[in-house]
Amino acid sequence: LPLGLGSCFSFQAGVTVLGYYFVRWRTLANAVASTGVSLGFTLWPLLSQYLLDEMGWRNTFLIFGGILLNCCVCGAIMRPVQLASGSLLQSPKPGEEPGRRAEEAQLPNGASSPHPELQQETRRTACFQMLQKYLAFDIFCQNKGYQIYTIGVTWMMMGFALPHVYLVPYAIQNGVEERRAALLISVIGFINIFIRPLTGLLSGHTVFTGRRIYLFSLAVLLCGLSNFICVISAEFSVLIIYCVILSIAMSGIGALIFQVLMDVVEMDRFSSALGLFTILESITLLIGPPLTGLLVDITSDFHYVFYNSSFFLISAALFMGLSFCALEKKNKLKEASKVPLDNPSRYQYNEMPTEPQFESQSPPAVVYITSI
């Protein structure tokens, strides 16, 4: 529990601050920051296996705890961003309750405190408004893009983590040596280190402005299709090819998942939107592997792992891509219907002759200007 809470606090704060620090190169910054995950994928299996063999599990956990303490150093380096004065919200005074201002705003000057029932109702309203603000329920109900993206990523997470959890047991069951099987995860992380910055640099180009959701959907689709390679064969060489293709698709997902969220939601509400976003995706990320593991225990067939992963990933990619395409067309139709109403004379159709009519045209008037 403490490990999970600490990871959530450091993760959300880091992603939010990153969005405030960078504007022009925000996509590349997200990709470079997510490269640390790839570095962990590369080193963690090899390092953990070595430490377990040499020092035991207790000392291994102590070393891992010391490594994670570096998050405190990173947090100490972060500094708040000075925003424009118009975008700053007036914060309550020290010691003032959040719902206090709502109560005082409803009371006229010199009025006495309300009845206990009214005061309790006011506090409930203030509490609901606070939850709505910091958990972004209002954004989820009003912003269709955020709604589609959150549902799509939440559904995607049901199958996204399955290959990482079951790839090594699947390889070991099919005769691959344990150390070589652990190397598969390192191959995925190693390729991600180089591909993620390139993906961020490419997607940050002006050509992809407003279209990064389609790149993200394409990466999710490729990730889902790559799982069928494991169904074909479980030889080590085939699994290496699978890891290469999967890592390329994962690079696009890792580099764009938060950048697309920043494109969909305004930055002043990004922290709240990220909170609800991570809560929902964490729920499906938690229940996906156990349910698939139960299916594997019942059938004794690891192929269902990759079938399930492909189903969730491909369906999520199609849902997000087609939904955003339909939403974009709907917005264009709305804008096109509003334009003639704003300035109808500008777009009024006038019939003009295609050929010049010299007979009907009067000769140009000649004006003589003389100086005195």
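Note: Cβ is positioned from N, Cα and C throughout, glycine not excepted.
No curator has checked TrEMBL annotations; they are predicted automatically.
As given in TrEMBL:
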COMPBIAS  94-104  compositional bias 'Basic and acidic residues'
DOMAIN    1-333  domain 'Major facilitator superfamily (MFS) profile'
REGION    89-119  region 'Disordered'
TRANSMEM  28-47  transmembrane segment
TRANSMEM  59-78  transmembrane segment
TRANSMEM  148-169  transmembrane segment
TRANSMEM  181-201  transmembrane segment
TRANSMEM  213-233  transmembrane segment
TRANSMEM  239-261  transmembrane segment
TRANSMEM  273-292  transmembrane segment
TRANSMEM  304-327  transmembrane segment
Can you tell me which recorded stretch out of 28-47, 148-169, 181-201, 213-233, 239-261 has the most Cβ pairs within less than 8 Å of the transmembrane segment (273-292)?
148-169
If you average pLDDT over the domain 'Major facilitator superfamily (MFS) profile' (1-333), what do you get?
80
Contact ranking winner - 28-47, 148-169, 304-327 against the transmembrane segment (239-261), Cβ under 8 Å:
28-47
